Structures are given as structure tokens and as C-alpha cells.
Amino acid sequence: MSSFSESAILVRDALVARGLETPMKENGISREEKKERIEEHMREILSLLTLDLSDDSLEETPHRIAKMYVDEIFSGLDYANFPKITVIENKMNCDEMVRVNDITLTSTCEHHLVTIDGKATVAYIPREKIIGLSKINRIVRFFAQRPQVQERMTQQILVALQTLLGSDDVAITMEATHYCVKSRGVMDATSSTTTTALGGIFKRNPATRHEFLSGIR
């Protein structure tokens, strides 16, 4: 029996159908075994880098990294961690834009496994359903907690909300600093990357699109 919620399954299937799911293969390994095996491999990697793991500052580092990967920064790879979603019937007939600004996110670049640090703004036009505001933040965080490219992450959040709300009228914009650009390679400390995903009325109606984009701080 699946440990995934109905919402998690709906979102996952919608992403797979659109070719937007993060590339991953289920391996049937438990969380605890994953942590044990990652710790072993990380111990070998750090030793190859000539670090002395008998030093009291480093001896727990492989364990800490393994726990961080599975339980924290890559926890969004497991749909068992998909947030519990609350939607209610739109009995108040709200039909104006709902926008959540400045949602902080920290993700990890899937190419170099270094930090992506930024903010997202999410909006939707209520139709039949209204979603709990904190659930929007939690959905952003879920998709941030996996190796990512920003373009895909933006689209994943869009499709997740469209699926849960039963409406295409959703918009996302995201601005982030990529440490694969800032701390290595070109070493550009000031640039940021902006991505936008628009659905429904946000895509086809210039006035609605302008209202959304002009309201971003």
C-alpha cells in the first residue's frame, strides 16, 4: 500500500504526464539504509580529499551529511514528505487575485550540488477551490528540497497548484542566486536568475499578467 497521500499522487502523476518530474529512479532502499550507505561513501570521498576523519571536528561529518541529504535538503525526492494539503470550497465567491510574495526558498543545483538561494511569488485566481495560504509556501519548499534546475522547479510548482486547485489560473515567478555561478566557475557574485511560469488567464490576458508582475516587490 502506498504511503503517499492522494494529493501527492495527483501532483506526481501530473508532473510525469507533462515530462516535468525530476529525473529519479525508485530503488526500494529504506531511509535509514540510505543514510548508512551515503555515510559510508561520504567517508571515502572525504578521505580521498585528504581530510583526517579522526579529527574531532570532522569525525561526525559523514553522518551529518547523510542525515542532511535524506531528511532535509533532498527530502523532496520522497513524495511521502509531500505537505498535507487543505483546500476549501470557494463559498465566499472570491474571484480576485490571491498572491503570496517573498516566499523564501533554498534549493540545490543538480549539476554541482551547491546552493540555490532565492524567493518566489505565487498567485492564483480562485475558482471553485481556495487553498490554505501556508500550503503554497510548503509546496514551494517541497520542490526546493531536491536537486533542481530553476526552470523546472518553477514549472513544477505551477503544475502542482493547478492540479490541486483544479484551475489553470496560476502564476509563479522566482528570483534566485546560484552558487554554482557565484562560488565557482565564472565567480559572479552579483547576478541573479529570474524564471516565470504562467497559466490560464495569466498567460492569455495581458492585464492580469501585468497586475501579477507589477505587484512583485
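Counting begins at 1 with the first residue displayed.
Every residue, even glycine, has its Cβ placed from backbone N, Cα and C.
Feature list (source: Swiss-Prot):
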- Cys109, His112, Cys180: Zn(2+) binding site (BINDING)
*Tally every other Cβ atom lying within 10 Å of the Cβ atom of Cys180 (Zn(2+) binding site).*
17
*For Cys180 (Zn(2+) binding site): DSSP state (helix, strand, coil)*: helix
*Going by DSSP, give the three-state secondary structure for Cys109 (Zn(2+) binding site).*
strand
*asked:* I need the neighbours of the Zn(2+) site defined by Cys109, His112, Cys180. Which other residues of that chain put their C-beta within 8 angstroms of the C-beta centroid, in sequence order?
replied: Thr108, Glu110, His111, Leu113, Val114, Ile116, His178, Tyr179, Val181, Arg184
